[in-house]
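Record features (TrEMBL):
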- 1-49: region 'Disordered' (REGION)
- 18-29: compositional bias 'Basic and acidic residues' (COMPBIAS)
- 56-80: transmembrane segment (TRANSMEM)
- 58-440: domain 'Major facilitator superfamily (MFS) profile' (DOMAIN)
- 86-111: transmembrane segment (TRANSMEM)
- 182-203: transmembrane segment (TRANSMEM)
- 209-234: transmembrane segment (TRANSMEM)
- 262-285: transmembrane segment (TRANSMEM)
- 297-316: transmembrane segment (TRANSMEM)
- 328-347: transmembrane segment (TRANSMEM)
- 353-375: transmembrane segment (TRANSMEM)
- 387-411: transmembrane segment (TRANSMEM)
- 417-436: transmembrane segment (TRANSMEM)
Amino acid sequence: MTELAITLNKPPSSNKLSLKDIPPKHELTNESDTDIESQHPSPQEKEKWNSSPLNILRYFSTLYVFILMGMTDGAMGALLPEIETYYSISYTVVSLVFLSPFIGYLLAALLNNLIHHHFGQRGIAVLGPLCRLIGMLPLVFHPPYPALPVVLLFTGFGNGIEDSAWNAWVGNMENANELLGFLHGAYGLGATIGPLIATAMVVKAGLDWWFFYYVMLGLDGIALGLLTGAFWGANERVYREKFLSQTEGQRTTTRRVLREPVTWLIALFLLGYVGAEVSLGGWIVMFMRKVRGAEPFMAGLCVTFFWLGLTVGRVVLGFVTGRIGEKLAITGYLGLSIGFQVLYWVVPNFAASATFATFLGFFLGPLFPAAIVAATKLLPSDYHVSAIGFAAAFGGGGAAIFPFAVGAIAQSKGVEVLQPVCLAILVFILGMWVMLPGGMRQGGLERARENKEGVGNEVRVALGWVKKKLRD
């Protein structure tokens, strides 16, 4: 560096650099600068999941924690009849176990960006599993029922901040559709094996429902150690160096991001999607037992088929979605999902219901990952952590609101209300998705951002065309 400084300070007449005057690259860049640059590529150079052994460890750690989140959500549906019987409570009261985590998810949506700014990804890695442990520990002591919704607030907050943080991280990587497909496939895998384990423990082994949470405590304890070790170096300084450099040192606040219509559109889409997914997963067992007359173990297998279909769909269709364009692909998947939902509702046969539920899960699977990718393509890079974090956590609230609504309505109308409620949700989120800018062409989302197209642009154009034709 000294040699270069002397050379640059020569008089103008002699300030001619030759190749020998320029020091080697390793003298211009110290080791720590290289480390930071390799860990945090520029916005043009997307991060790769396998760029280093540490990144590989981090990605597989997030897969593991999504498996645990899926096990927790999936098992609740299988355990719901046992909880209802144990506490002798109604559908409305038992469905509070779905509603209470919404407050935790809402707090996660509002605080995700702040946690990143003050603690980095390290804060998420510690706080997420710790909150789940705090929420599940009282369950093994099967306290009076009013305590259950309260302690599940912690579980909702832990799931919410991890759901939002790891979606934002992976969604900004190269090959995001495929990587998010595996990430949410891990959730589906957990939601597949969770009901199997819970049903086997309760129905086959004759154990009480709370014994399942002994298993979850052990697995979440491992998650706490694994994530803390993997993300310990991802502190607030690293986070600020990565994102504040893109905004001239100004932090992109959640309030600013919430002024973007795309943020709310994605959030509402995910709210409805997660609501449909968890309503089906949470109430299929009850529906199959009460309406289709299935045996308890067979009803448990049906919800397992649903989550299995969702897992396979996320992994397999993740390789298809990006190749044909997210807007067109998800529109097609939703159309097929609506068709299978109608068949599941109107065909009163157990085998047919199990088949339709499996295909319904398969085509619902890639919706969440594709929405995250759409957000990364439509919003500026410095908005991603806050916007995706808010949308994912807000969307997670659908896991609370809609299953609770099904339970409340089922109290007076019967559990068969599951089907029309889920159908209405699917139609609603199809409308939300069509409102995204970019059209149905491949690469449309990227061009929509470049052209600054607004939300609902294609709908306005279509309505204008219809009005013109009517006038003619």
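For all residues, glycine too, the Cβ spot is worked out from N, Cα and C.
Among the stretches 56-80, 86-111, 297-316, 387-411, 417-436, the one making the largest number of Cβ pairs under 8 Å with the transmembrane segment (328-347) is 417-436. If you look at the transmembrane segment (262-285), the same-chain residues 6 or more away from its ends with a CB under 8 A from one of its CBs are 73-74, 76-78, 80-81, 98, 191, 195, 296, 299-300, 302-303, 306-307, 310, 357, 360-361, 364, 367-368, 371, 374-375, 378-379, 383, 387-388, 390-392, 394-399, 401-403, 406-407, 410, 415, 418, 421-422, 425-426, 428-429, 432-433, 435-437, 455. Beyond its flanks by at least six residues, the transmembrane segment (209-234) meets 54, 57-58, 61, 64-65, 68, 71-72, 75, 79, 82-83, 86, 120-122, 124-126, 128-130, 132-133, 136-137, 139-142, 197-198, 201-202 of its own chain at Cβ-Cβ distances under 8 Å. On the 0 to 100 pLDDT scale, the domain 'Major facilitator superfamily (MFS) profile' (58-440) averages 87 in this prediction. Cβ atoms under 8 Å from those of the transmembrane segment (297-316) belong to residues 70, 74, 77-78, 181-182, 184-185, 187-189, 191-192, 194-196, 198-199, 203-204, 277, 280-281, 284-286, 288-289, 350, 353-354, 357-366, 369 of the same chain, restricted to positions at least 6 beyond its ends.
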